Amino acid sequence: MRIDITIDKEFKKDLSVPWLRGVARQILVAQCAESSSEMGIYITGQERIRELNRIYRHKDHPTDVLSFSFFVREAAADATTHPDFPVQMNGGINLGEVVISLPQAQLQAAEFGHPLKKELGRLLIHGIMHLLGFDHEKDYDAEIMEDRELQILKELEPSLS
């Protein structure tokens, strides 16, 4: 699995690229993602995530995590009619990109009373689940997604303390 990580300059000292990559890899493995899967993680600040949230979701406020999935559920059902799905990059399946606001993750970790690593893990799980086609638009789908997120969070607990 290839996991590209970009961290804005002001946050590089606060995070470990190998740790982020390892947690993302564990999440993908827990979800039985293809070994040829590729994805990106972008760690940024409140201003940039607010801008992305405004542009792509039409919500003019910061958020904790955004997912830009290349997964199209309809296309997945019949890839032969959609030859450009999934997006192939360097021989792998490019799932998309997860964008996390580090300052928002820090605020939420303090609010929830748990370590920053646990909050980052929680946000990575949520973002990657979206890359893999999960959503929480309907109550039923939200319940499925949340249950799986909690299972993965429990599996990753040793890496998140």
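Just so it is clear, glycine is given a Cβ too, placed from its N, Cα and C backbone atoms.
The Zn(2+) binding site feature in TrEMBL is assigned to HIS126, HIS130, HIS136. For HIS126 (Zn(2+) binding site), the same-chain residues 6+ apart in sequence whose C-beta sits under 8 angstroms from its C-beta are VAL65, SER67, GLU149.
In the structure as shown, the Cβ atom of HIS136 (Zn(2+) binding site) sits within 10 Å of 16 other Cβ atoms. Secondary structure from DSSP puts HIS130 (Zn(2+) binding site) in a helix.
Residues VAL65, SER67, GLY127, MET129, PHE134, ASP135, MET145, GLU149 surround the recorded Zn(2+) site, their Cβ atoms falling within 8 Å of the Cβ centroid of HIS126, HIS130, HIS136, which are themselves excluded. Every protein chain shown contributes to the tally, and the Cβ of HIS130 (Zn(2+) binding site) ends up with 21 other Cβ atoms within 10 Å. HIS136 (Zn(2+) binding site) carries neither a helix nor a strand DSSP state and counts as coil.
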